[in-house]
């Protein structure tokens, strides 16, 4: 057994093999203000305001500090206030990780309790750099704790380690213990940072064919756990906003088949705001329906007097033509508190466009000026209604 990584997630009474390393970059040197929900909006930077953000899942996946800083500086220059990025990168076998960066290892044969943390140069230090640079450039982060999908260590690595699957994961004791211990590690490491906007339970959690109570109970329990660790920062679910109306039209977004009920989950007191995503092409809808989806979630947010965030949206082609109407609906017709396009793209000196995808909006392009720069300006100048 090669104990290259420090041990986390140990059972009560067990002693860690190594002492947790301090952050590799300066953290905790930014402003004292903590973002919070105020009615249907957010107070950020000491002001209740609308704002735009972006997704950039790959920030911590870069091995070069200069490239991380380049991306963060361009995001800040755009006028974005918040970046949603992965707070996880996990593997089962550290001797053959299959990816350049990994923060966590799930393997019961290597670690008591099953969870190890990589403190090497391609481990948690990469996220330290992201958090430190976010502080320096005065932007905030939504850190997501797990992935419903298999990319870069999702539920699949828990399945490999503990025998759970995509639906039993939410109630599997070993999986949930390791998941909570990882949350505890991340929250305790960064809760003193001014760069944290919110903690997020997962990226697009689903439980296909399950009763919505499975996700609801899991989200209620885990969000309460996070609030015990950190009473200051917000917590979100990270779901796609699926709806379960009793008399729905039976189509995918309204049939509850993914086991997620956006309305029910918004009732959870320890979730500070709701999230919804939009990918009409993948879901079997026409693009014009997207604006209706935005309006529906805005109306639900009004009912609960909670912020809702249009947290992901994208198309594989004709970005400006297809996505701009959704942005204009958000700006002109709703009180959606913020929106985060999927996703920020740039050309990096070493990595190039390695981590982009067909939805990426690349810095410096004509479409970026419209969908990123102009939209961030529109959201920033939008007036918050007086109550």
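Just so you know, the numbers here start at 1 and follow the chain as drawn.
Cβ atoms are placed via backbone N, Cα and C, with glycine included.
Annotation comment: Swiss-Prot describes 86, 203, 204, 205, 206, 240, 279, 283, 342 as substrate binding site, evidence class similarity to another entry. In this structure, residue 279 (substrate binding site) belongs to neither helix nor strand by DSSP; it is coil.
Using a 10 Å Cβ-Cβ cutoff, residue 107 (N-linked glycosylation site) registers 17 neighbours. Under the heading N-linked glycosylation site, Swiss-Prot lists 107 (among others).
Proximity of residue 165 (N-linked glycosylation site) to non-local residues of its own chain (separation of 6 or more, Cβ distance below 8 Å) is seen for 155, 159, given in sequence order. Per Swiss-Prot, N-linked glycosylation site is recorded for 165 (among others), and the stated evidence type is sequence analysis.
Around residue 204 (substrate binding site), a 10 Å sphere centred on its CB holds 21 further CB atoms from the protein chains shown. Among the features that Swiss-Prot reports, active site, proton donor/acceptor is placed at 204, with the record citing similarity to another entry.
Per Swiss-Prot, the feature disulfide bond maps to 207-210. Using a 10 Å radius centred on the Cβ of residue 210 (disulfide bond) and all shown protein chains, the other Cβ atoms total 19.
As annotated by Swiss-Prot, N-linked glycosylation site applies to 286 (among others), with the evidence given as sequence analysis. Cβ neighbours within 10 Å of residue 286 (N-linked glycosylation site), excluding its own Cβ and spanning all shown chains: 8.
Counting only same-chain residues six or more apart in sequence, none has a Cβ lying under 8 angstroms from the Cβ of residue 318 (N-linked glycosylation site). A coil conformation is recorded for residue 318 (N-linked glycosylation site) in the three-state DSSP classification, outside any helix or strand. Taken from Swiss-Prot, the feature N-linked glycosylation site covers 318 (among others), and the record attributes it to sequence analysis.
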Residue 286 (N-linked glycosylation site) versus residue 204 (substrate binding site) - Cα distance in angstrom: 21
Separation of alpha carbons, residue 206 (substrate binding site) and residue 286 (N-linked glycosylation site) (Å): 23
Separation of alpha carbons, residue 279 (substrate binding site) and residue 210 (disulfide bond) (Å): 22
Number of Cβ atoms other than its own within 10 Å, given for residue 207 (disulfide bond): 21
Residue among the binding-site residues 279, 342 whose Cβ has the most other Cβ atoms within 10 Å: 342
Spatial separation of residue 207 (disulfide bond) from residue 86 (substrate binding site) - C-alpha basis, Å: 20
86, 206 as binding-site residues, winner by CB count within 10 A: 86
